[in-house]
Amino acid sequence: MVTLIRTLADHSDDVSCCAFSASCLATCSLDKTIRVYSLNDFTECPYSPLRGHTYAVHCCCFSPSGHALASCSTDGTTVVWDTRDGRALAALEQPRSSPVRVCRFSPESTYLVSGAADGSVVLWNVQSLKLYRSGNVKDGSLVACAFSPNGNFFVTGSSSGDLTVWDNKMRCLYNEKAHDLGVTGCDISSQPVSDGECGFVYFQMASCGQDNQIKLWHVLFADVLGVELKYKCTLSGHSAPVLACAFSYDGQMLVSGSVDKCVVIYDTSTGNILHKLSQHTRYVTTCAFAPYGPLIATGSMDKTVNIWRLDYKQPCAGNTAENESKVAVEDWSEDDVSVWLGAQGLADFVGLFKRNNIDGKELLNLTKESLANELKIESLGLRSKILQKIKELRMKTSSVPIPDEFLCPITRELMKDPVIA
């Protein structure tokens, strides 16, 4: 079940993009502004709206830590903002000042990519905020971009219908004609998938276009074979051009928005439509899943952003580990810890824990002293809350051996209705 929990109507023109961090939602618009909201109560941050662009803003995205926000505009610049106080850190000018349509941070925040209407694609060094490398697609405007979870490559989509795979040295590795009438969006799932037959790891990618279709792809990246883009299937839930698509954190769902004014949520494993939402009154231009919670944001040319809550638990690495004990907590990855923090209402600490490489083993070993001295969490109340949640986690996952007299002497299974003969 999906519930509409909030409608944000602060923009005065079409909403062009929305993006989540662990604790905030950013939206941008043709009204030249970017607005930033707290996920706690969806009130605007004190520094919002951000004003600095002189023309329409087309795209916005958070850095993985959530401390930086990038936005790009028809004015030919990509602006990097500090999300702690709303300061503009840099205005990065596209070569030839072409209108910038899309921007994305790499997973490690090493690079920021920007793509423009003249087909130029630029990798910026995030630390120095200087141009690192640049290139051009053969044809059309760049309108879409997505990084692989490992940051080794990224994919761009153009208005000519091509998907192009680049490595982080800006070498063009692969090109595929994907949508005849033009690509409008693409996304890569953050969860890599193992191919049992070949032993390779591939990434699940979705692209959408003016042909009313969403296509699912497998992107294989192997040193020996290079890059291979394998078509998987087509999702046909819309009756008009699809303008945006985005994966859920675990890659098991995909949300899309379209000119038909509908939002569709798919199960990526079966291709089935889970939900079709039709509350927007004009084209749905953007959609995004929250990284560590059951929220979806959709933006439209009706000048609003709708916030939806999925009223069931998404199957994700953290939930599997905690509830089904398939993965022991000490074996959790840093991403699993991030999911668990989000589920416990501690999403504000995701960036801090990631910067300090807190995995499952480290999580279980955290103490009052390490939270204060090493992680620098000053609030006593917050330290106590985290420790209490960790204590509950230990209790849930601690395995108590079953006494031998409770086991069947033949099957060695727990007896439910024992009878003495």
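From the backbone N, Cα and C atoms, a Cβ is placed for every residue, glycine too.
According to TrEMBL, the repeat 'WD' annotation covers 50-91 (among others). Residues of the same chain lying 6 or more positions beyond the ends of the repeat 'WD' (50-91) and with a Cβ under 8 Å from any Cβ of it are 13, 16-24, 26-36, 97-105, 107-109, 112, 114, 116, 124, 126, 129, 350-351, 354-355.
Remote same-chain residues near the repeat 'WD' (93-134) are listed as 55, 58-65, 68, 70-78, 80, 140-151, 154, 156, 158, 166, 168-170 (criterion: CB distance under 8 Å, separation of at least six residues from the stretch ends). Feature annotation from TrEMBL assigns repeat 'WD' to 93-134 (among others).
In the predicted model, residues of the repeat 'WD' (146-167) average a pLDDT of 92. Annotated repeat 'WD' per TrEMBL: 146-167 (among others), in sequence order.
Counting only same-chain residues 6+ beyond the ends of the repeat 'WD' (235-276), those with a CB under 8 A from a CB of the stretch are 2, 181, 184-191, 193, 204, 206-216, 282-292, 296, 298-300, 306, 308, 314-317, 339. Taken from TrEMBL, the feature repeat 'WD' covers 235-276 (among others).
Annotated repeat 'WD' per TrEMBL: 277-311 (among others), in sequence order. Secondary structure of the repeat 'WD' (277-311), assigned with DSSP and counted as helix (H, G, I), strand (E, B) and coil, comes to 0 helix, 19 strand, 16 coil.
As annotated by TrEMBL, domain 'SAM' applies to 332-396.
Taken from TrEMBL, the feature domain 'U-box' covers 401-421.
Secondary structure of the repeat 'WD' (50-91) per DSSP, as helix, strand and coil residue counts: 0 helix, 24 strand, 18 coil.
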